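Trainee: Okay, these came from TrEMBL:
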- 21-261: domain 'Plant heme peroxidase family profile' (DOMAIN)
- R47: site 'Transition state stabilizer' (SITE)
- H51: active site, proton acceptor (ACT_SITE)
- D52, V55, G57, D59, S61, E74: Ca(2+) 1 binding site (BINDING)
- C53-C58: disulfide bond (DISULFID)
- P151: substrate binding site (BINDING)
- H181: heme b binding site (BINDING)
- T182, D229, T232, D237: Ca(2+) 2 binding site (BINDING)
- C188-C214: disulfide bond (DISULFID)
Amino acid sequence: MPGEGGAGAQGEGRVLQPQVPRAEIIVRAVVGKAVSRNPGLGAGIIRMAFHDCFVQGCDASVLLDPTPANPRPEKLGPPNFPSLRGFEVIDAAKAVLERICPRVVSCADVIAFAARDSAFFLSSSRIDYKMPAGRFDGSVSLESEALQFLPPPFSNLTQLVDSFKAKNMNEDDLVVLSGAHTIGVSHCSSFTDRLPPNPSDMNPGLTRLLQSKCPVSPNFTNDPTVAQDIVTPNRMDNMYYTNLLKRNVLFISDAACQKMP
């Protein structure tokens, strides 16, 4: 988030406990309005939270724009650009908070609240949980670290387990967080390595559907998106795991989860 009051202010914004309930109400209202217009924004915010936390920790460093001193922040790294979305929702929530309680609620907490609230609305309020506050905004944001830590869609099982282990997370965490692929879309370029003539164990029906939607060689100007969950594309549920067992998943990294012991 550029400008004053954004994530560039080092150490800004530990939430004072009396402000937490009001801050959460404000963020939920902004997220609810955005997701009602475009459910894809909710999926984008959930992905944003993961991409933020998996690099420098949950510090909103993924929001930082390029500057002359740092022309290549996380936001512009290949795992995030141009696919990461939902920034305008975080900006909108932060703007309201700054009017009501300036320099109190960090951008990092806004992302955390917004991801939780996106799951709430996308699941028809079935998913809801308490979210601790008190994160500080970071000032370090490097494209190289996004590439280093974020697992790409072509990761095999060993690479996935190792990347989570590096963040003190285990196989259960990997399986649970992979379930977020029950919502949102993916660019064809992220999974065409699983389409003919490449070998794959993908369900033939899904293969044919994807071939009808994706060019043989996607590029920056011709890279359509498809739903990650073809059954309930706009609902956050457990369909990902059903799809996984039926080999109806997009990425090599998804298929790898099927091989979990």
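Backbone N, Cα and C define each Cβ position, glycine as well.
Given the structure is predicted, the values throughout are model-derived calculations rather than measurements.
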Trainee: For the recorded Ca(2+) 2 site formed by T182, D229, T232, D237, name the remaining residues of the chain with Cβ within 8 Å of the site's Cβ center, in chain order.
Mentor: I183, V231, P233, R235, M236, N238, M239, Y240, N243
Trainee: State the count of C-beta atoms found within 10 angstroms of the C-beta of R47 (site 'Transition state stabilizer'), not counting that atom itself.
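Mentor: Around the Cβ of R47 (site 'Transition state stabilizer'), 22 other Cβ atoms lie within 10 Å.
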Trainee: Checking the recorded positions H51, C53, E74, H181, which are within 10 Å of D229 (Ca(2+) 2 binding site) at the Cα level?
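Mentor: So the list reads H181.
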Trainee: Which recorded positions from the set C53, H181, T182, C214 come within 10 angstroms of D59 (Ca(2+) 1 binding site), judged by C-alpha positions?
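Mentor: So the list reads C53.
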Trainee: With Cβ-Cβ distance below 8 Å and at least 6 positions apart along the chain, what are the contacts of D52 (Ca(2+) 1 binding site)? List them in sequence order.
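Mentor: Those within reach of D52 (Ca(2+) 1 binding site), by Cβ under 8 Å and sequence separation of 6 or more, are C58, D59, A60, S61, V62, L63, E74, A108, I111.
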Trainee: Which has the fewest other Cβ atoms within 10 Å: D59, E74, D229, D237, the binding-site residues listed?
Mentor: D237
Trainee: Along the domain 'Plant heme peroxidase family profile' (21-261), what average pLDDT does this model show?
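Mentor: A mean pLDDT of 96 is what the predicted model shows over the domain 'Plant heme peroxidase family profile' (21-261).
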Trainee: What is the Cβ neighbour count of C214 (disulfide bond) at a 10 Å cut-off, with all protein chains included?
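Mentor: C214 (disulfide bond) is surrounded by 20 other Cβ atoms within 10 Å.
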Trainee: Can you figure out which of C53, T182, C214, T232, D237 (the recorded positions) comes closest in space to P151 (substrate binding site), comparing Cα atoms?
Mentor: C53
Trainee: If you count other CB atoms within 10 A of each CB, which of G57, P151 wins among these binding-site residues?
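Mentor: The residue with the most neighbouring Cβ atoms within 10 Å is P151.
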Trainee: Among the recorded positions listed here (V55, C58), identify the one with the smallest other-Cβ count within 10 Å.
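Mentor: Selected from the recorded positions V55, C58 on minimum Cβ neighbours within 10 Å: C58.
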Trainee: Fill in the CA-CA distance, C53 (disulfide bond) to H181 (heme b binding site), as an integer in Å.
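Mentor: With distance taken Cα to Cα, H181 (heme b binding site) is 17 Å from C53 (disulfide bond).
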Trainee: Which of these binding-site residues has the least crowded Cβ, counting other Cβ atoms within 10 Å: S61, T182, T232?
Mentor: T232
Trainee: Taking the Cα atoms as reference points, how far is C214 (disulfide bond) from T232 (Ca(2+) 2 binding site) in Å?
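Mentor: Per the Cα atoms, C214 (disulfide bond) and T232 (Ca(2+) 2 binding site) stand 20 Å apart.
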